[in-house]
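Undergrad: First the structure, then my questions, so here it is.
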Amino acid sequence: MAMPTIRHVRAFIVRGGGADYHDQPGGHWIDDHISTPMARYPEYRQSRQSFGINVLGTLVVEIEASDGTVGFAVTTGGEIGAFIVEKHLARFLEGQLVTDIEKMWDQMYFSTLYYGRKGVVLNTISGVDLALWDLLAKVRKEPVYQLLGGPVRDELVFYATGARPDLAKEMGFIGGKLPLQHGPAEGEAGLKQNLEKLADMRSRVGDDFWLMYDCWMSLDVPYATRLAQAAHEYGLKWIEECLPPDDYWGYAELRRNVPRGMMVSTGEHEATRWGFRMLLEMQCCDLIQPDVGWCGGITELIKISALADAHNVMVVPHGSSVYSYHFVVTRHNSPFAEFLMMAPKADEVVPMFTPLLLDEPVPVNGRMKVPDTPGFGVRLNPECALVRPYPR
């Protein structure tokens with residue numbers, strides 16, 4: 001059959017949860033006292049929202065084909081991302097065949113190179129790319145994972161990220177990743193509290209459950225080394241994103257310093273094959289965690305994953321709900337997936353991008369069979385107020 005072309009590209013913003021999962025009301029574990037690069041300043045230590053972690057908000061990209069089919073995706077980018085989509089990127093999509101995703105990605109990336117490369121521009125390109133995959137899969141009446149080569153496993157298994165790994169174990173997850181609460185600015189007392197928290201959690205979950213620490217770019221090499229060496233007693237499986245994303249040299253040193261058997265992970269805030277090439281060739285980590293909504297989308301994640309596979313490094317994408325699930329189920333070097341516990345107390349399983357998406361699947365007993373609904377299999381919640389700030 002003749003493939004349709006792209007007729008319209010539209011960009012919307014929405015507040016309150018969704019893809020910007022830090023945009024939560026008060027009392028949520030994700031905005032508690034968590035170590036961050038800004039924790040060196042006491043006034044920004046207690047809450048991540050205090051320094052503006054949620055200022056961007058969610059970006060919704062909607063792409064309509066000439067046959068009326070509509071694909072969409074969500075990511076973090078807000079009004080800045082909407083401006084980039086409407087004022088710059090739309091010209092590379094409208095009028096193109098829905099199949100020409102590689103060409104469209106290439107033109108979006110290289111046309112923004114002078115002000116992009118990473119950050120909100122790559123978030124935005126990622127959102128457009130995911131919407132293109134959703135659109136193409138809907139045109140072909142297939143789930144996205146079939147376009148990626150088909151599943152290599154019957155179901156996904158998950159670890160949980162949240163404040164209560166002990167409850168995650170009861171829910172059937174294979175492991176739990178804790179947010180590190182205290183960084184270098186809080187001295188020896190903070191380091192002691194980090195280790196006490198880990199010891200307490202190990203006593204609750206037993207020895208047969210993974211425990212990991214998410215350090216969210218907040219440490220330096222000496223502190224991260226001390227933390228890793230002391231945490232080894234409690235069976236820490238990996239230590240995550242300890243350093244700023246551009247400190248490839250520090251990551252390489254840290255990987256040499258950690259105890260034998262403990263993994264170093266990073267990549268949540270890295271982007272494109274070129275950024276991950278640095279991590280891989282400099283032997284910075286044992287597993288990479290690209291976020292498909294930030295690293296360049298599915299089109300770029302395919303390349304990143306192949307590069308990692310050639311280096312015998314696992315790919316465990318960061319969060320991103322269905323956009324990750326459809327990829328992970330198709331890759332041998334992605335043996336498990338992450339699930340962000342978005343219940344305020346991390347005490348129940350709720351959809352990761354709630355309330356924005358409908359039909360968003362969640363793990364049951366830590367497992368999930370990825371739905372075979374066309375596209376990514378989700379719908380926008382009509383009760384969420386979408387605003388199009390830059391209509392054309």
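For all residues, glycine too, the Cβ spot is worked out from N, Cα and C.
Annotations for this protein, taken from Swiss-Prot, read as follows:
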- His318: active site, proton acceptor (ACT_SITE)
- His22, Arg48, Glu338: substrate binding site (BINDING)
- Asp214, Glu240, Glu268: Mg(2+) binding site (BINDING)
- Asp291: site 'Increases basicity of active site His' (SITE)
- Glu338: site 'Transition state stabilizer' (SITE)
Undergrad: Counting other Cβ atoms within 10 Å of each residue's Cβ, which of the recorded positions His22, Arg48, His318 comes out lowest?
TA: His22
Undergrad: What's the CA-CA gap between Asp291 (site 'Increases basicity of active site His') and Glu268 (Mg(2+) binding site) in angstrom, rounded?
TA: 6
Undergrad: If I take the alpha carbons of Asp214 (Mg(2+) binding site) and His318 (active site, proton acceptor), what is the distance between them in whole Å?
TA: 11
Undergrad: I need the most crowded of these binding-site residues: Glu240, Glu338. Count other C-beta atoms within 10 angstroms of each C-beta and give me the top one.
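TA: Comparing the binding-site residues Glu240, Glu338, the most crowded Cβ belongs to Glu240.
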Undergrad: Show which residues of the chain containing Glu268 (Mg(2+) binding site), separated from it by at least 6 in sequence, have their CB under 8 Å from its CB.
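TA: Once residues fewer than 6 apart are set aside, Glu268 (Mg(2+) binding site) is near Glu240, Glu241, Gln289, Pro290, Asp291, Trp294, His318.
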Undergrad: Three-state secondary structure of His22 (substrate binding site) from DSSP?
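TA: DSSP call for His22 (substrate binding site): coil, neither helix nor strand.
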Undergrad: With the Mg(2+) site defined by Asp214, Glu240, Glu268, which remaining residues of that chain have Cβ atoms positioned within 8 Å of the Cβ centroid?
TA: Lys177, Cys215, Trp216, Glu241, Ser265, Thr266, Gln289, His318
Undergrad: For Asp214 (Mg(2+) binding site), list the number of other Cβ atoms lying within 10 Å of its Cβ atom.
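TA: The answer is 23 other Cβ atoms.
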Undergrad: With DSSP assignments reduced to helix, strand and coil, which class does Asp291 (site 'Increases basicity of active site His') get?
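TA: Coil, per DSSP.
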Undergrad: For Glu268 (Mg(2+) binding site), which of the three DSSP-derived states applies: helix, strand, or coil?
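TA: Looking at the DSSP assignment, Glu268 (Mg(2+) binding site) belongs to neither helix nor strand, so coil.
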Undergrad: Using DSSP and collapsing to three states, where does His318 (active site, proton acceptor) fall: helix, strand or coil?
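TA: His318 (active site, proton acceptor) sits in coil per DSSP, no helix or strand.
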